[in-house]
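Q: Have a look at the structure that comes next, please.
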Amino acid sequence: KKKKSQLASAATFTPNVAGDEEKGTGTAGAAFITANNDPPDLVKPVSLTGDGSSRQASPYQHVAFLSHCKRDAGTAALHLKEVLTKHGLNKCEKLGTEGAIFLDSDDLHDLSQLLHEVERSKNMIVVLSKNYLSRPWCLLELWKAFSAGVNIVPVLLKQAGHSSYDFQQAERYKENLRRAPGVNGKVLAMLQEHGASVIEVQHAVRRLLQKIAVEYNVVASKRVRDAQLDDILCCLMS
């Protein structure tokens, strides 16, 4: 079966599953992904950075780094980590090892350490929520992932009682970060403190918005959620 996805800057699609069909609004550029093949081993040497240059080969420590805005998606991110680990064990035993999916559940205050964990990851799951792009820590994680050649997997979060990620507003962060909602002098100073220029962060956001996002609906039926988890796993294993 084919499952539908959406661009991170476009409207949403939900997988069609027998008995639980849901409809979305399509847009040009939407693509289809499948999860029919058995995955390769996820722990491989790092070979390329985001700009195509090489870096020293070393084993990945994490299958994925979960990048999220705690204000919007703290509980949902923890839930996603747990169900993704459980759902994916029969497809990749590495998901059963400690730290396979890195989630900052300890509220680390050392941002440099967090960015180091991004570099130690094969993938970064970007949990798209209302305030994700306005948080400096999220922007830095995104910038570091693209700089280090980490595979980005955008996941559009749907949950009851929370405003959704705004596709139109997201466009403002790639065009003029200085004037984007929630970005002030303090945010810009934090980016520069850790070596990220405004232009580089805008470029990272632009690349994020060009990617296909997979929907994960926390309140959907189990059958729909399982299909969505298959889509996410397919992206992690590509």
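Just so it is clear, glycine is given a Cβ too, placed from its N, Cα and C backbone atoms.
A quick note: this is a predicted structure, and the numbers were derived from the prediction, not measured.
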Q: If you check TrEMBL, which stretch out of 1-37, 149-185 is marked region 'Disordered'?
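A: Checked against TrEMBL: region 'Disordered' maps to 1-37.
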Q: Can you check how the pLDDT averages out over the domain 'TIR' (60-181)?
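A: Averaging the confidence scores along the domain 'TIR' (60-181) gives 87.
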Q: Is it possible to list how many residues within the domain 'TIR' (60-181) are helical, extended or coil according to DSSP?
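A: Taking the domain 'TIR' (60-181) as a whole: 59 helix, 24 strand, 39 coil.
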